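Contents: one structure, followed by commentary.
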Amino acid sequence: MPAITLPDGSVKAFDHPVTTREIAESIGRKLAKDAIVGRVDGELIDLDRPIEHDAYVEIVTSNDPDGLEVIRHSTAHLMAQAVKQLHPEMQVTIGPTVDNGFYYDFAGERSLSEDELETIEQRMSELAEADHPVEREVWDREAARQFFLEQGETYKAQIIDDLPESETITVYRQGDFADLCRGPHVPSTGKLKAFKLTKVAGAYWRGDQNNEMLQRVYGTAWPDRKQLKAYLDRLAEAERRDHRRLGRTQDLFHVQEESPGMVFWHPRGWRLYLEVQDYIRRLMRDNGYQEIHTPMLVDRSLWERSGHWAMFAENMFVTESESRDYAVKPMNCPCHVEVFKQGLKSYRDLPLRLAEFGSCHRNEPSGTLHGLMRVRGFVQDDAHIFCTENQIQEEVRTFIDLVYRAYRDFGFEDVLIALSTRPDERVGDDALWDKAESALATALETHGLDYTLQPGEGAFYGPKIEFSLRDCLERVWQLGTIQVDFSMPGRLGAQFVDDDGERRTPVMLHRAILGSLERFIGILIEHYGGALPTWLAPVQAVVLNITDRQADYARSVEQQLLESGFRAEADLRNEKIGYKIREHTLQKVPYMLVLGDRELESGTVAVRHRDGTDLGSMELEELVARLSNDIAGHEREQED
């Protein structure tokens, strides 16, 4: 009979196969009430599943991330049950959890709209109120397949067909609804108290655009209504900060159907883009990088030799000319190797740092495109460092300094780091991997940086460090990376002459600080809610006349600001001054300069900040000093 070891080290002996529910009840009524599932020797199981052997058992509640995951998975089933009751003709397919929630894909001719989400939620609430037991059943494979076919659930039958023969077929039943699932699930629908359906989208069956289009309903679920409300408030704030909306209201950029996944930059947006690019360019120039530029269209033979054609061809845009196949480059690395190969290099030339604002294109599925965050055409702040094995650690250490400096200057303080090590399938011997992994880890530890180890997550050609940012909404964005590459230089024939006159293959370090400039600008816009720091703002000051009498003076003020090096505009439209102020406040222009007859006569400007602060009347020289000081504060931080 099982002896159950608990997290506090105590052991409970039972004279019969015991369930996690019984174990929880033996500890206390509150724990039994709060229990969601059990964790038995590290495996999550349903509360009523018998444990027949000695085991280490933890009672998982909604306070445990695994408990919350189960709640969300079970809520996906609850939603599927509600949809089936409302629309019996629709088929259910799959319903996994995702970050902060879940989705379920439905098939059928009927279109689900966001207007129906409230009706579905109401039915879900009724089903939760009914507190149906959720029961796990083990089925014979063929019986399960036949059951779902008889129910008209052909997708479920297809899933069963694709499962390994060794797989145990389990069905979860709640009320009149049965679903194919591995589980585990909450013990009853009454455990599902706080949920919200958020949107409807399209999705291809199994993510393959050659398959039929399904309807995906997203939702979120939390242990209680307080946590749900907090999340929905964050969601609403994220909507207010959505870079696509701010891109329109601030006249920064747009995308359109004729060029999906490509960005049309407007004058203001392009100024922001160039400011970000110029910052990185200065950083590279001051730290020993040489900027290059390589072709956008490259013959497939180079991609075949680099290995990208075999691994990445489906994501390349390919064209043909004069019986030759060309690919629009999806990345810059092979071209950088070709630049390195021009002229034999000595060990004295290493490390050689080649940087490029490389324009890349990838044929991403149309359903994944999302404003600036997921595009088909983008520019990377890409660079490749060619070095010896002994130089890896120092180059990584220096790069980490650059990463932290850049993120700090752009206003990000919370940086998360992950170190990904050797996968099972890889090139290079273990000694080389040992050296590279040790170099990356030592560089991080020398900086006193905490990092998450991701065993087996490195590329086949080398380990890597990934840098992610946490923004003001607690969202995490993966941006920077530095990756050791033992493979590509050798594949493409890159060599240098070492100190004993022998030809050697250099190690190549792939590195980027921001990654895609488009994506980083999207993150910047959302992090600041469009109110970018003055040094980044596309328009730093706008001059607003009250009547036509001040128009010439407004043009003069604008011109003086431009000549002083500021990004300024004059708004001379025949509109009420209150309307102009509101409009430019919405556009998050840092300073608004209001000119009336009093300012015209005195040669001053009335200054308002975008936060609503009235800064009073200023001489133009005083305003220039204030703007300069605002921007200089950022520059002083860069120098620290």
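For all residues, glycine too, the Cβ spot is worked out from N, Cα and C.
These figures come from a predicted structure and were not determined experimentally.
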Binding-site annotation, Swiss-Prot, Zn(2+): partner of C333, H384 in H243, H254, H510, H527: H510
Sparsest-packed of the listed binding-site residues (H384, H510) - C-beta count within 10 angstroms: H510
List of residues, in chain order, with Cβ under 8 A from that of C333 (Zn(2+) binding site) and at least 6 apart: S306, D382, H384, D485, M488, M508, H510
Across the region 'Catalytic' (242-533), average pLDDT on the 0 to 100 scale: 93
CB-centroid shell, 8 A cutoff, Zn(2+) site C333, H384, H510, site residues removed: M331, N332, H336, V337, D382, A383, Q483, D485, M488, M508, L509, R511
